[in-house]
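A.B. asks: Would you mind keeping the following structure in view while I ask a few things?
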Amino acid sequence: MSNVDEYYTEILRFVKQAGSIVREKIYQHKDVLTKSCDVDFVTEWDQKVEKLLIDGISSRYPDHRFIGEESTSSGQKIELTNSPTWIIDPIDGTMNFVHGLPYTCISIALLINKITEIGIVYNPILEQLFTARKGQGAFLNGAPIHVSSEKELRQALVMLEVGTSRDPEKLKIVLQNITLLTSHVHGIRSFGAAALNMCMVALGGVDASFEFGIHAWDVAAGDLIVREAGGVSIDPAGGPFDVMSRRTLCASSMELAQQLSKILIQYYPERD
Ligand code: IPD
Ligand code: CA
(Lines of atoms letter the chains of each structure in order from A and count residues from 1; the text may use other names and numbers.)
(Lines give C-alpha, C1' and ligand atoms only; values in the text may rest on other atoms or scores of the structure.)
(Ligands and ions follow the chains in the order given, each with its own letter.)
Protein backbone atom coordinates (compact mmCIF):
# COMPACT_ATOMS: atom_id res chain seq x y z
CA MET A 1 0.00 0.00 0.00
CA SER A 2 1.50 3.40 -1.01
CA ASN A 3 1.35 6.39 1.32
CA VAL A 4 -1.34 7.99 -0.83
CA ASP A 5 -3.44 4.79 -0.72
CA GLU A 6 -3.24 4.93 3.04
CA TYR A 7 -4.11 8.65 3.17
CA TYR A 8 -7.09 7.97 0.92
CA THR A 9 -8.44 5.19 3.16
CA GLU A 10 -7.99 7.32 6.25
CA ILE A 11 -9.56 10.48 4.85
CA LEU A 12 -12.63 8.60 3.65
CA ARG A 13 -13.21 7.51 7.23
CA PHE A 14 -13.07 11.10 8.51
CA VAL A 15 -15.18 12.44 5.62
CA LYS A 16 -17.91 9.90 6.44
CA GLN A 17 -17.87 11.06 10.08
CA ALA A 18 -18.09 14.67 8.93
CA GLY A 19 -20.98 13.71 6.64
CA SER A 20 -22.93 12.33 9.59
CA ILE A 21 -22.78 15.75 11.27
CA VAL A 22 -23.97 17.57 8.14
CA ARG A 23 -26.78 15.03 7.63
CA GLU A 24 -27.90 15.30 11.24
CA LYS A 25 -27.85 19.11 11.38
CA ILE A 26 -29.12 20.23 7.96
CA TYR A 27 -32.80 20.36 8.89
CA GLN A 28 -32.27 21.75 12.40
CA HIS A 29 -32.15 25.38 13.49
CA LYS A 30 -28.66 26.87 13.27
CA ASP A 31 -27.20 30.09 14.61
CA VAL A 32 -25.62 31.89 11.68
CA LEU A 33 -22.67 34.27 11.76
CA THR A 34 -21.49 36.34 8.81
CA LYS A 35 -17.96 36.66 7.42
CA SER A 36 -16.94 38.89 4.47
CA CYS A 37 -20.49 40.30 3.97
CA ASP A 38 -24.13 39.85 5.01
CA VAL A 39 -24.62 36.75 2.83
CA ASP A 40 -21.31 35.01 3.52
CA PHE A 41 -22.37 32.59 6.27
CA VAL A 42 -20.67 30.35 8.78
CA THR A 43 -22.24 28.10 11.41
CA GLU A 44 -20.73 26.24 14.34
CA TRP A 45 -21.07 23.10 12.20
CA ASP A 46 -18.75 24.45 9.49
CA GLN A 47 -16.19 25.01 12.25
CA LYS A 48 -16.78 21.65 13.95
CA VAL A 49 -16.54 19.68 10.71
CA GLU A 50 -13.28 21.43 9.78
CA LYS A 51 -11.88 20.68 13.25
CA LEU A 52 -12.92 17.03 13.02
CA LEU A 53 -11.11 16.66 9.68
CA ILE A 54 -7.96 18.53 10.74
CA ASP A 55 -7.71 16.83 14.15
CA GLY A 56 -8.27 13.41 12.57
CA ILE A 57 -5.60 13.85 9.90
CA SER A 58 -3.13 15.56 12.26
CA SER A 59 -3.37 12.75 14.78
CA ARG A 60 -2.33 10.25 12.07
CA TYR A 61 0.04 12.50 10.09
CA PRO A 62 1.45 15.27 12.29
CA ASP A 63 3.61 16.75 9.50
CA HIS A 64 0.69 17.30 7.09
CA ARG A 65 -0.42 20.87 6.50
CA PHE A 66 -3.87 22.41 5.96
CA ILE A 67 -5.63 25.16 4.07
CA GLY A 68 -9.12 25.22 5.56
CA GLU A 69 -11.88 27.72 4.90
CA GLU A 70 -12.79 28.32 8.53
CA SER A 71 -9.21 28.28 9.88
CA THR A 72 -8.39 30.89 7.22
CA SER A 73 -11.34 33.07 8.17
CA SER A 74 -10.15 32.88 11.80
CA GLY A 75 -6.90 34.49 10.66
CA GLN A 76 -4.66 31.56 9.71
CA LYS A 77 -2.34 32.40 6.80
CA ILE A 78 -2.81 30.53 3.52
CA GLU A 79 0.42 28.94 2.38
CA LEU A 80 0.74 26.23 -0.25
CA THR A 81 4.14 24.52 0.02
CA ASN A 82 5.47 21.22 -1.34
CA SER A 83 4.49 19.43 1.90
CA PRO A 84 1.40 17.22 1.85
CA THR A 85 -1.40 19.79 2.19
CA TRP A 86 -5.10 19.13 2.67
CA ILE A 87 -7.32 21.85 1.20
CA ILE A 88 -10.64 21.70 3.04
CA ASP A 89 -14.08 23.18 2.64
CA PRO A 90 -15.91 21.60 5.57
CA ILE A 91 -19.30 22.64 4.20
CA ASP A 92 -19.47 23.92 0.64
CA GLY A 93 -22.87 25.45 0.05
CA THR A 94 -23.22 26.81 3.59
CA MET A 95 -26.15 28.98 2.42
CA ASN A 96 -27.95 25.81 1.26
CA PHE A 97 -27.05 24.05 4.54
CA VAL A 98 -28.50 26.97 6.52
CA HIS A 99 -31.74 26.90 4.50
CA GLY A 100 -32.06 23.11 4.51
CA LEU A 101 -31.52 22.78 0.74
CA PRO A 102 -29.89 19.37 0.35
CA TYR A 103 -27.26 20.53 -2.16
CA THR A 104 -24.28 20.88 0.12
CA CYS A 105 -21.08 18.91 0.58
CA ILE A 106 -17.73 18.36 2.21
CA SER A 107 -14.88 19.06 -0.21
CA ILE A 108 -11.31 17.97 0.47
CA ALA A 109 -8.19 17.57 -1.66
CA LEU A 110 -4.67 16.43 -0.91
CA LEU A 111 -1.82 18.16 -2.75
CA ILE A 112 1.75 16.85 -2.56
CA ASN A 113 4.45 18.96 -4.25
CA LYS A 114 1.52 21.19 -5.29
CA ILE A 115 0.06 18.35 -7.39
CA THR A 116 -3.43 17.14 -6.50
CA GLU A 117 -3.35 13.45 -5.56
CA ILE A 118 -6.80 13.00 -3.98
CA GLY A 119 -10.11 14.80 -4.48
CA ILE A 120 -13.25 13.97 -2.50
CA VAL A 121 -16.62 15.74 -2.63
CA TYR A 122 -19.33 14.22 -0.44
CA ASN A 123 -23.00 15.20 -0.32
CA PRO A 124 -24.19 13.19 2.69
CA ILE A 125 -27.83 14.22 2.29
CA LEU A 126 -28.23 12.82 -1.21
CA GLU A 127 -25.56 10.20 -0.41
CA GLN A 128 -23.34 11.15 -3.35
CA LEU A 129 -19.65 10.46 -2.80
CA PHE A 130 -17.47 11.76 -5.65
CA THR A 131 -13.87 10.54 -5.50
CA ALA A 132 -10.76 10.81 -7.65
CA ARG A 133 -7.14 9.78 -7.35
CA LYS A 134 -4.52 11.13 -9.76
CA GLY A 135 -4.35 8.84 -12.80
CA GLN A 136 -7.06 6.49 -11.55
CA GLY A 137 -10.33 7.97 -12.85
CA ALA A 138 -13.29 9.57 -11.13
CA PHE A 139 -16.14 7.80 -9.36
CA LEU A 140 -19.59 8.39 -7.91
CA ASN A 141 -20.29 5.99 -5.05
CA GLY A 142 -17.60 3.72 -6.48
CA ALA A 143 -18.93 3.64 -10.08
CA PRO A 144 -16.83 5.31 -12.80
CA ILE A 145 -18.13 8.64 -14.10
CA HIS A 146 -17.34 10.55 -17.28
CA VAL A 147 -17.95 14.05 -18.63
CA SER A 148 -20.38 14.61 -21.51
CA SER A 149 -19.09 14.61 -25.06
CA GLU A 150 -20.24 18.19 -25.70
CA LYS A 151 -17.88 20.41 -27.69
CA GLU A 152 -20.24 23.18 -28.82
CA LEU A 153 -21.06 26.12 -26.57
CA ARG A 154 -24.42 26.71 -28.26
CA GLN A 155 -25.52 23.20 -27.16
CA ALA A 156 -24.09 23.38 -23.66
CA LEU A 157 -25.71 23.51 -20.24
CA VAL A 158 -23.51 25.81 -18.16
CA MET A 159 -23.27 26.29 -14.40
CA LEU A 160 -22.27 29.57 -12.82
CA GLU A 161 -22.68 31.19 -9.44
CA VAL A 162 -23.40 34.72 -8.31
CA GLY A 163 -21.09 33.99 -5.35
CA THR A 164 -21.06 35.47 -1.87
CA SER A 165 -19.41 38.81 -2.69
CA ARG A 166 -21.71 41.81 -3.00
CA ASP A 167 -18.98 44.03 -4.42
CA PRO A 168 -20.80 46.10 -7.11
CA GLU A 169 -18.02 45.70 -9.70
CA LYS A 170 -18.03 41.90 -9.31
CA LEU A 171 -21.87 41.72 -9.38
CA LYS A 172 -21.97 43.83 -12.54
CA ILE A 173 -19.68 41.37 -14.32
CA VAL A 174 -21.66 38.35 -13.09
CA LEU A 175 -24.88 39.86 -14.44
CA GLN A 176 -23.23 40.83 -17.73
CA ASN A 177 -22.01 37.26 -18.16
CA ILE A 178 -25.47 35.86 -17.41
CA THR A 179 -27.01 38.14 -20.03
CA LEU A 180 -24.30 37.37 -22.56
CA LEU A 181 -24.41 33.62 -22.05
CA THR A 182 -28.19 33.37 -22.26
CA SER A 183 -28.06 33.85 -26.03
CA HIS A 184 -25.06 31.51 -26.49
CA VAL A 185 -25.97 28.32 -24.60
CA HIS A 186 -28.81 25.83 -24.08
CA GLY A 187 -29.24 26.93 -20.46
CA ILE A 188 -27.68 28.27 -17.28
CA ARG A 189 -27.86 26.61 -13.84
CA SER A 190 -26.83 27.79 -10.39
CA PHE A 191 -27.17 25.38 -7.44
CA GLY A 192 -25.05 27.11 -4.77
CA ALA A 193 -22.10 24.81 -4.10
CA ALA A 194 -19.08 25.25 -6.35
CA ALA A 195 -17.57 21.83 -5.58
CA LEU A 196 -20.80 20.02 -6.46
CA ASN A 197 -21.17 22.12 -9.61
CA MET A 198 -17.80 20.81 -10.76
CA CYS A 199 -18.89 17.27 -9.93
CA MET A 200 -21.95 17.78 -12.15
CA VAL A 201 -19.52 18.49 -15.01
CA ALA A 202 -17.61 15.31 -14.07
CA LEU A 203 -20.88 13.38 -14.10
CA GLY A 204 -21.86 14.71 -17.53
CA GLY A 205 -25.04 16.34 -16.17
CA VAL A 206 -23.85 19.78 -17.22
CA ASP A 207 -21.17 20.60 -19.77
CA ALA A 208 -19.26 23.44 -18.13
CA SER A 209 -19.01 25.43 -14.91
CA PHE A 210 -17.21 28.66 -14.10
CA GLU A 211 -16.92 31.20 -11.32
CA PHE A 212 -14.85 34.23 -10.37
CA GLY A 213 -14.12 34.81 -6.68
CA ILE A 214 -14.23 31.23 -5.38
CA HIS A 215 -11.42 30.06 -3.09
CA ALA A 216 -8.95 27.17 -3.20
CA TRP A 217 -11.15 25.08 -0.86
CA ASP A 218 -14.15 25.40 -3.20
CA VAL A 219 -12.31 24.04 -6.26
CA ALA A 220 -9.26 21.94 -5.28
CA ALA A 221 -11.11 18.61 -5.13
CA GLY A 222 -13.48 19.36 -8.02
CA ASP A 223 -10.56 20.19 -10.32
CA LEU A 224 -9.12 16.67 -9.98
CA ILE A 225 -12.54 14.98 -10.16
CA VAL A 226 -13.34 16.78 -13.45
CA ARG A 227 -9.95 15.99 -15.00
CA GLU A 228 -10.09 12.36 -13.91
CA ALA A 229 -13.58 12.15 -15.45
CA GLY A 230 -12.05 13.14 -18.80
CA GLY A 231 -12.79 16.86 -18.64
CA VAL A 232 -10.61 19.94 -18.51
CA SER A 233 -10.01 22.55 -15.84
CA ILE A 234 -8.52 25.89 -16.89
CA ASP A 235 -8.34 29.55 -15.99
CA PRO A 236 -11.49 31.34 -17.27
CA ALA A 237 -9.29 33.43 -19.59
CA GLY A 238 -7.98 30.26 -21.26
CA GLY A 239 -4.65 29.66 -19.47
CA PRO A 240 -3.74 26.94 -16.98
CA PHE A 241 -5.83 26.41 -13.85
CA ASP A 242 -4.30 27.90 -10.72
CA VAL A 243 -5.89 26.69 -7.48
CA MET A 244 -4.96 29.92 -5.67
CA SER A 245 -6.20 32.35 -8.35
CA ARG A 246 -9.85 32.41 -7.22
CA ARG A 247 -10.90 31.80 -10.83
CA THR A 248 -12.19 28.53 -12.25
CA LEU A 249 -13.63 27.12 -15.46
CA CYS A 250 -14.10 23.43 -16.13
CA ALA A 251 -15.74 21.71 -19.05
CA SER A 252 -16.33 18.44 -20.84
CA SER A 253 -13.78 19.31 -23.54
CA MET A 254 -11.02 21.82 -24.25
CA GLU A 255 -12.97 23.00 -27.32
CA LEU A 256 -15.94 23.94 -25.14
CA ALA A 257 -13.76 25.45 -22.38
CA GLN A 258 -11.96 27.69 -24.88
CA GLN A 259 -15.19 28.83 -26.57
CA LEU A 260 -16.60 29.77 -23.17
CA SER A 261 -13.42 31.54 -22.04
CA LYS A 262 -13.43 33.67 -25.19
CA ILE A 263 -16.85 35.19 -24.59
CA LEU A 264 -16.67 35.69 -20.80
CA ILE A 265 -16.12 39.13 -19.34
CA GLN A 266 -13.21 38.55 -17.01
CA TYR A 267 -12.89 39.42 -13.33
CA TYR A 268 -9.64 39.17 -11.35
CA PRO A 269 -10.16 38.99 -7.58
CA GLU A 270 -7.26 39.25 -5.14
CA ARG A 271 -5.53 35.84 -4.99
CA ASP A 272 -5.77 33.45 -2.05
C1 IPD B 1 -19.60 29.12 -1.68
C2 IPD B 1 -20.35 28.23 -2.61
C3 IPD B 1 -21.04 29.06 -3.67
C4 IPD B 1 -20.06 29.93 -4.42
C5 IPD B 1 -19.26 30.78 -3.48
C6 IPD B 1 -18.59 29.94 -2.43
P7 IPD B 1 -19.30 28.25 0.81
O8 IPD B 1 -18.89 28.36 -0.74
O9 IPD B 1 -19.51 27.31 -3.24
O10 IPD B 1 -21.67 28.25 -4.60
O11 IPD B 1 -20.74 30.75 -5.31
O12 IPD B 1 -18.29 31.49 -4.21
O13 IPD B 1 -17.91 30.78 -1.52
O14 IPD B 1 -19.16 29.63 1.38
O15 IPD B 1 -20.70 27.77 0.85
O16 IPD B 1 -18.31 27.31 1.36
CA1 CA C 1 -17.71 26.51 3.20
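Note that the numbers count up from 1, one per residue, in the order the chain is shown.
Any Cβ shown, glycine's included, is placed from N, Cα and C.
Quick caveat, the model's predicted, so the values are computed rather than measured.
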A.B. asks: Looking at TrEMBL, ASP89, ILE91, ASP92, ASP218 are annotated for Mg(2+). Which of GLU69, GLU70, GLU79, GLU228 sits in that same site?
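C.D. replies: The record-listed residue among the candidates is GLU69.
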A.B. asks: Have a look around ASP92 (Mg(2+) binding site) and count the other CB atoms within 10 A of its CB, chains all included.
C.D. replies: 32
A.B. asks: Select one residue from GLU69, ASP89, ASP218: among these binding-site residues, choose the one with the most other Cβ atoms within 10 Å of its Cβ.
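C.D. replies: Answer by Cβ density within 10 Å: ASP89.
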A.B. asks: Can you check what DSSP calls ASP218 (Mg(2+) binding site), collapsed to helix, strand or coil?
C.D. replies: helix
A.B. asks: For GLU69 (Mg(2+) binding site), which of the three DSSP-derived states applies: helix, strand, or coil?
C.D. replies: helix
